[in-house]
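Working notes for the structure below.
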Amino acid sequence: MEATGEEALIPHDDQFVVPPNGNVNEMLNVDHEDNVQGQMEEFLGPQADYNEEEEEKKYYRRKRLGIIKNVVAASIGAMIVYSVYMGLLQMQLILHYDTTYREVKYSNLGLQDIDQKMLMGINVTPIIGLLYTPLLIRFLGTKWMMFLASGIYALFVSTNYWERYYTLVPSAVAIGVAIVPLWASLGNYITRMAQQYYECVNYKEEHVQEQKKLPKGACHSYIIVFQSVFNIIFNLSFVFAEFPMAFVLNSVYLHDNSHVLAQVKHCGAKVTGLIPGFNNTVLKKLPSSMLLIQVESVLMGFAFLSMIIFLGLCGAAYRPTEEIDLRSIGWGNIFQLPFKHLRDYRLRLLCPFFIYSGFETLFAISGFTLSYGVCALGLNKLWLLIVVYGLSASIFSSLSLSLLRLPRWVCLISGAFVHGVLVVVLMAFSPEPKCLKYEGPLLVISALWGLGTALNKTGVSTLLGMLYAEEKERLDFVYTIYHWWQAIAIFIVYLWYGLPMRAKLSILLVTLLLACCCYWVMERRLAKRVPFRLPRIPRPRHKVKGYRYLEEDNSDESDSERSEEDDREDEREEDDCDVVQNLDGEERDQEGWYQGANSPRARRRGAEGRGQDDARVNERDGEI
């Protein structure tokens, strides 16, 4: 039955009726989606005012400023650490030397015996530093090694709140353990900052982007500048270390010269020991315990400040992947490599300079200042002599910047010449006790000795950085050897306590002449391009457990078998590749490629590659 027209106009109950404005809503939704999509494209797409090259320049400018901040922070941290350490140790030894102080404060405690054991711990323990320093630096990292060492110095300060054998002696031994790692880390850190600065300046170079070895001599200018900045700041530690002496143990507490030097007959070159006849009572009144606690608290605060500087302001010396690679060569190899680096004739011929560097610094702050300065001018002038020495060393460290234009031997030989003349003068110089007319000549000698120290210290550190500038994986070994020989020299100075002054000066002069001769031989060999030996750094071994089916090698071979086989091949390769020619970078790379191609591992990999290629060819033939 057909519906009428009227019925056709009546809608069914379940029939959907389109709202009158439906088309308009759909159009609005489409427009809204288009607007959102356009905004997203505008936000994510390239900006019209964005300059990628300019942003890259800003990024690397910030990185360069960060590297400069790292160098200054490390220098200030080291300066604060040694200011606190030397200032506290000097004040402690003066107080413990006084008989009245020992009897009134500590009775039968035996402070002099404790001081002898402390000095023995500080000076003898670093002898074994070569055994553990590279292990600590590789395990902790350069930055964390500096932080830990500064914490050990802070521990030494804290033990002076309760002066007992079981507090002072163990903390002194801990300082002896930390000396070589701290200085090796500092030398490594400053040189690494110079390398990183070069990379930030030349970030567009291909070898920098691919993280290849730097060209020979590329970062030498930055090493010179950064080492100069470090020594300028660090040598101020001799100045700040005298603040406790100048402002606390001054003329208010110290006896005058007529009492302290009453029994002294000879000074200078005629002396045997330090100051024969020096009075055992140097304090005319004892400082209060509260005053000493306040001084130690201030020093403790600065020790914590140095730790915060190392932790918060110093950046990492290596990238995380580089630190992993440095550790992954094997702890046995890390232990052996410092000894193997002594095969390099450059390091062997620089060892006399390393030893003399330790001799002259300790002689300046102990032998000269006591046997010449205090013996003639009195204990009140001790701080003045060391302040003049420190200021001179800090100011004249800037002279090493002349290496930017002059040959590298100028700095070392100039410092050696200055010290050689002064040693000869001191052999003939014997000032009279209690005679203030020698104050001017002694201050001049102190300033000139600081000049020689500045040229020597900065010259040796800069020379090592320049010789191994392209070998960033060897820097910790090289600086460990340098500061270990310095520690040996400090131990020898500790042993020659009772020798006549002319014998000490003769040892200094002979060591200096030997160092100059050996350095001349080294430069001559390098000029003749004589090959030097460098031990091969093993490849990093990153052992990944599981997923052995992803490896292309034999999956049935165990990790231990593979590592033992690699060790044997590394030893065979080391015998073949140990000699490194002093060639340009490109020639050295070609030579290394040739030696690597003839190595057993390369032949094995080549054979495996050829076998896999043959198998693929057979499969394709079978499919055809």
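In case you wondered, yes, glycine gets a Cβ from its N, Cα and C as well.
Copied from TrEMBL, the annotated features are:
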COMPBIAS  552-589  compositional bias 'Acidic residues'
COMPBIAS  605-624  compositional bias 'Basic and acidic residues'
REGION    548-624  region 'Disordered'
TRANSMEM  67-88  transmembrane segment
TRANSMEM  118-137  transmembrane segment
TRANSMEM  144-162  transmembrane segment
TRANSMEM  168-186  transmembrane segment
TRANSMEM  222-241  transmembrane segment
TRANSMEM  298-318  transmembrane segment
TRANSMEM  349-370  transmembrane segment
TRANSMEM  382-404  transmembrane segment
TRANSMEM  409-430  transmembrane segment
TRANSMEM  442-469  transmembrane segment
TRANSMEM  481-499  transmembrane segment
TRANSMEM  505-522  transmembrane segment
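Panel annotation: around the transmembrane segment (222-241), residues 71-72, 74-76, 78-87, 90, 186, 190-191, 193-195, 197-198, 365, 386-387, 389-391, 393-395, 397-398, 400-401, 403-404, 450, 453-454, 457-458, 461-462, 465-466, 469 of the same chain, lying at least six beyond its termini, place a Cβ under 8 Å from a Cβ of the stretch.
In terms of C-beta pairs under 8 Å, the stretch of 144-162, 168-186, 298-318, 481-499, 505-522 lying closest in packing to the transmembrane segment (349-370) is 481-499.
Non-local neighbours of the transmembrane segment (442-469) in the same chain are 187, 190-191, 194-195, 214, 216-220, 223-224, 227-228, 230-231, 235, 346, 350, 353-354, 356-357, 360-361, 364, 368-369, 372-373, 376-377, 384-386, 388-397, 399-400, 403, 408, 411-412, 414-416, 418-419, 422, 425-426, 431, 475, 478-479, 482; each lies 6+ residues outside the stretch with a CB under 8 Å from one of its CB atoms. By the Cβ criterion (under 8 Å, sequence separation of 6 or more), the transmembrane segment (144-162) is not in contact with the transmembrane segment (409-430), since fewer than 3 such pairs are found.
Here the listed stretches are 118-137, 298-318, 505-522, and the one with the most C-beta pairs under 8 angstroms to the transmembrane segment (409-430) is 505-522. Taking Cβ pairs closer than 8 Å, the transmembrane segment (118-137) reaches residues 145, 168-170, 172-173, 175-177, 179-181, 184-185, 188, 331, 334-335, 337-339, 476-477, 480-481, 483-484, 487-488, 490-491, 493-494 in its own chain, all 6 or more past its ends.
Here the transmembrane segment (382-404) has Cβ contacts under 8 Å with residues 221, 224-225, 227-228, 231-233, 235-239, 241-242, 245-246, 364-365, 368-370, 373-374, 410-411, 442-443, 446-451, 453-455, 457-459, 462 of the same chain, all six or more residues outside its ends.
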